[in-house]
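Worksheet for the structure shown next.
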Amino acid sequence: MFKKISLKITKNTLARKAIALVIIVSILLPLFIFTPLKTVLDATLFKSFIKQYQGYVEIIFIGIYTVLTVIGVPGTILTIVGGCLFGLWYGTAISIVSASLGALCAFLTARYLLQDFAQRKFSKNRQLNKFQTAVLDRPFSFVLTTRLIPISPFNLVNYLFGLTTINWWDYTRATFIGVIPGSFAYTWIGVSGEQAMMGGDRLSFLMALTFLALLSIIPLLYQPKKRI
């Protein structure tokens, strides 16, 4: 797809992550549907709290999500929780904003606090230099492609992009657009999973998992010819 692009995510790595995700969901889902553990995820109290303090809760959620992204904690769980608390469309929007803001903060941290150290430490690193070349070749498209992979190391590449000379606006735009499908998928899992646990329709939950699986498989069909 790109002449020089290369993410250090091989086909086998993506496949293992996709399989691991399916296994984890397959194990946890029955536990939270058919055992007393389902009461743990009852969001009724949280939803009443949200209604009472609407506006503040969203700000707190975005703040927590942003901080966790900067320190390297995967936002997948928070995105799913956001679906349970805020619903499909509102939850998706909040997670998109949160993930994008966290990614930008991590990017700026790497650029202004870590770049000098990285240049001294890794200036002769061939992989990082090739990554830099690939990013500059097609910056917007490269970042967008990376973000469209829902099981890619989101937090790691935030810092890697910050160590390159990519324009922050290209990075931010591509990130915002690229996280939309994954945010929607995980939010959908949160919404439909909660409904399934409450004894509602489980077809929607299966559809959400299928959608996430498709997002995870698509990159396997379009592997770059060169990797670093």
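We count from 1, first residue shown onward.
Cβ atoms here come from the backbone N, Cα and C positions, even for glycine.
Noted in TrEMBL for the protein shown:
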- 73-190: domain 'VTT' (DOMAIN)
- 18-35: transmembrane segment (TRANSMEM)
- 56-82: transmembrane segment (TRANSMEM)
- 88-114: transmembrane segment (TRANSMEM)
- 135-154: transmembrane segment (TRANSMEM)
- 174-191: transmembrane segment (TRANSMEM)
- 203-222: transmembrane segment (TRANSMEM)
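The list of residues near the transmembrane segment (88-114) in space but at least 6 beyond its ends in sequence, with Cβ under 8 angstroms from a Cβ of it, reads 58, 61-62, 65-70, 75, 78-79, 82, 154-155, 158-163, 168, 171-172, 175-176, 179-180, 183-184, 186-188, 190-191.
Note on the domain 'VTT' (73-190): its mean pLDDT in the predicted model is 86. The domain 'VTT' (73-190): residue composition by secondary structure is 99 helix, 0 strand, 19 coil, according to DSSP.
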